[in-house]
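Student: If you scroll down you'll find the structure; I have some questions about it.
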Amino acid sequence: MTSPVENSTSTEKLTLAEKVWRDHVVSKGENGEPDLLYIDLQLLHEVTSPQAFDGLRMTGRKLRHPELHLATEDHNVPTEGIKTGSLLEINDQISRLQVSTLRDNCEEFGVRLHPMGDVRQGIVHTVGPQLGATQPGMTIVCGDSHTSXHGAFGSMAFGIGTSEVEHVMATQTLPLKPFKTMAIEVTGELQPGVSSKDLILAIIAKIGTGGGQGYVLEYRGEAIRKMSMDARMTMCNMSIEAGARAGMIAPDQTTFDYVEGREMAPKGADWDEAVAYWKTLPTDEGATFDKVVEIDGSALTPFITWGTNPGQGLPLGESVPSPEDFTNDNDKAAAEKALQYMDLVPGTPLRDIKIDTVFLGSCTNARIEDLQIAADILKGHKIADGMRMMVVPSSTWIKQEAEALGLDKIFTDAGAEWRTAGCSMCLGMNPDQLKPGERSASTSNRNFEGRQGPGGRTHLVSPAVAAATAIRGTLSSPADL
């Protein structure tokens, strides 16, 4: 838990992001120089940490605060055939070396690690929250773009490069210039069947993949306040897809209830002190944002992507756009390129697009609520002929929770594959990949060319749309069943 610094009693009206930043400035930059910001927690995985550990080793430096680092194995781990967590269960030699190196580095430098075979293992952005390591008011970094997910707790969380990972290891600080602030005001309430994934995809389509560049986004409004923590994590997770540095949601009782009692959460009097501080974090009435964007949540329907970046999205009820629908020359050219790669014909109803693989997984949408939503839709159904559906929980803990609820049986009875935890098909760095020309409906966060395997074509969807699509064989919502 981060304690407020002396100047936190200022009467200046501040946003949530500005308060967290203020309370972490070790030294303020002068004449345009960056501030030196204290980092409360650094999360590590097997892909972006080896070079940083090597840097410490080569310079003879120690890890300044091992207790403020937390590691797990996620990006390259297989999601089938894992029984003991042995390195021998990883067939790919490069992946095996990366996982082995992480284990060796964590042992040498005293970092807490949750490896394959550990019930607490999983995708790093699920592990932090489930352990209670992620808390309101923190600064959190990781060598991974989707660190922004932790902002759902009212923390300022963002991805960093490997050289910065090493800098945090050595100093527990980062030199940074303050980010601009943007309020995303969601008016109205989401309709039944519309999820936080639909909302964030609609936001990205509205402001564009560069619309949030240089900003911290704060998601606000009644629809946000009514969301569970799982849903809020989905929102903040995809802030980076709008170009933002981070995404945040003000902590409230929903946040406190989620964190309380978890292994690394404060206890007793420390808990009371923490909550008292956390309650001071929400944006002050009258605080000014650098930019405000409004979106009518009540008007939203299930939303998907049709192209090759997360901003190329439309309501599921619409049709594949034509490049001529775009007035901006860059958007027109991007649409032409995307349509060619995705092998789509303008005017085709999105609901007519045939899907080969449904992937229910990733740090965006593979928590227990996501699995429950999909299982409720799949119950009593079979997936379409020729369809492959992979269900990959985002942590072993969630996998066991789902199995205790019988969700695994619902998935397997429907014909889906029930896998072990990992990043899986979100990215083509492990055995779970699309074949060239295959098309997926994926609950992950990126639909770039080749993201899920060379030549693979990705449509980003919500868990509900994923489940309905698996049943019908074409992009579908539960209303189509």
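A Cβ is built for glycine as well, from the same backbone N, Cα and C atoms used for every other residue.
According to Swiss-Prot, the record shows the following:
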BINDING   CYS363, CYS423, CYS426  [4Fe-4S] cluster binding site
REGION    432-459  region 'Disordered'
Student: Using DSSP and three states only, what is CYS426 ([4Fe-4S] cluster binding site)?
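Tutor: CYS426 ([4Fe-4S] cluster binding site) sits in a helix per DSSP.
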Student: Looking only at DSSP and grouping its letters into three states, which state does CYS363 ([4Fe-4S] cluster binding site) belong to?
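Tutor: DSSP assigns CYS363 ([4Fe-4S] cluster binding site) to coil.
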Student: Which one, from the binding-site residues CYS363, CYS423, CYS426, has the smallest tally of other C-beta atoms lying within 10 Å of its C-beta?
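Tutor: Sparsest of the binding-site residues CYS363, CYS423, CYS426 by Cβ contacts within 10 Å: CYS363.
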Student: In the same chain, which residues outside the set CYS363, CYS423, CYS426 have their CB within 8 A of the centroid of the CB atoms that define the [4Fe-4S] cluster site?
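Tutor: Once CYS363, CYS423, CYS426 are set aside, the remaining close residues are ASP74, HIS75, ILE123, HIS146, GLY361, SER362, THR364, ALA366, SER394, GLY422, SER424, LEU427, SER444, ASN445.
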Student: For the region 'Disordered' (432-459), how many residues does DSSP put in helix, in strand and in coil?
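Tutor: Going through the region 'Disordered' (432-459) residue by residue, I get 0 helix, 7 strand, 21 coil.
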